[in-house]
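Pulled from Swiss-Prot, these are the features on record:
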{"type": "DOMAIN", "residues": "87-334", "note": "domain 'PPM-type phosphatase'"}
{"type": "BINDING", "residues": "Asp124, Gly125", "note": "Mn(2+) 1 binding site"}
{"type": "BINDING", "residues": "Asp124, Asp286, Asp325", "note": "Mn(2+) 2 binding site"}
Amino acid sequence: MKKTIKNSTHRPEDILVHAIKKRRSASGDVKNAVKLKEGEDYLRVEEEIPHDDNVVVIDDGCDHDHDVDDNDDDEEENGRYCRREFDHGYHLVKGQMGHGMEDFIVADTKTVKGHNLGLYAIFDGHSGSDVADYLQNHLFDNILSQPDFWRNPKKAIKRAYKSTDDYILQNVVGPRGGSTAVTAIVIDGKKIVVANVGDSRAILCRESDVVKQITVDHEPDKERDLVKSKGGFVSQKPGNVPRVDGQLAMTRAFGDGGLKEHISVIPNIEIAEIHDDTKFLILASDGLWKVMSNDEVWDQIKKRGNAEEAAKMLIDKALARGSKDDISCVVVSFLQWID
């Protein structure tokens, strides 16, 4: 079953998408994944994310164990476990770059092994939307289905990214077409596991004015050695940004089969604690970060209590500063502790 929701417009060339409350089935299945299809002027809401049973699981290396299944270590008061409530909102705008909408997001919750999970992601496609579309529908399922996710999330996420990319290259796109990814899994409002490839970014903001970027911008001028070690090169034309083999403005991405030998899909991963004064987790595509710094983003929304309003305010500010690209933003707000 599918639903469509008509959207109001900020101006004719924009597509604005406001926050939608998610539903969760008794079994914990993800419901109502947000999908804005290329060429459409409306939001299509899918009832359920399909699971891909054809992804081949491979082992691409080892990481030290970092157990995130820590129910036994939760803070206790009077013998009861304490957890942190959290909520989310999001906003998307189609840019003015002469192509269809290529940004896709996930903003959802589900329960797994007794944990309340927040699943948040930005997928910023390039040379088409097919890869970003596929990632929105499959990547979280592939991550959470890894048998060692709770015991060794870094190893599990790297394996899921790699196996998903292998499937994409074989079945979804040819030599052109790819996507960034920033995925964040919030666990009981206490801990967050963040992974990324490309230049979509995530930051954590605390009321003490501490703003921490928890992703890495995979830009060619910062990873020249990586590209060179794979047999590629980084070049820059006057007035343009550095590019891998003169083509791609990032060193890590899903897809991009024609450049795969010279780029990587292995993500940077960080596991962070949510502090008592942590207020927001913010994920956004580079349409926002090109015109606003991390500190400017925090300054704009620090007084906001509503995540949806915060996400819309940030995109409105980016538009006012002249951003022409697709812009997507997910804001997670951390609320009171509960037991």
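For all residues, glycine too, the Cβ spot is worked out from N, Cα and C.
This view paints the features noted in Swiss-Prot onto the structure.
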residue: Asp124; record: Mn(2+) 1 binding site; DSSP (3 states): strand
residue: Asp286; record: Mn(2+) 2 binding site; DSSP (3 states): helix
residue: Asp325; record: Mn(2+) 2 binding site; DSSP (3 states): coil
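Gly125 (Mn(2+) 1 binding site) sits 11 Å from Asp286 (Mn(2+) 2 binding site), taking the Cα positions as reference.
Ranking the binding-site residues Asp124, Asp286, Asp325 by how many other Cβ atoms lie within 10 angstroms of each Cβ puts Asp325 at the bottom. Annotated pair Asp325 (Mn(2+) 2 binding site) and Asp124 (Mn(2+) 1 binding site), C-alpha to C-alpha distance, rounded: 10 Å. Each residue in Asp103, Thr180, Asp199, Ser200, Ser285, Gly287, Leu288, Trp289, Lys290, Asp326, Ile327 lies on the same chain as Asp124, Asp286, Asp325 and has a C-beta within 8 Å of the C-beta centroid of that Mn(2+) 2 site, without being one of the site residues.
Taking CA atoms as the reference points, Asp124 (Mn(2+) 1 binding site) and Asp286 (Mn(2+) 2 binding site) are 8 Å apart.
On the 0 to 100 pLDDT scale, the domain 'PPM-type phosphatase' (87-334) averages 96 in this prediction.
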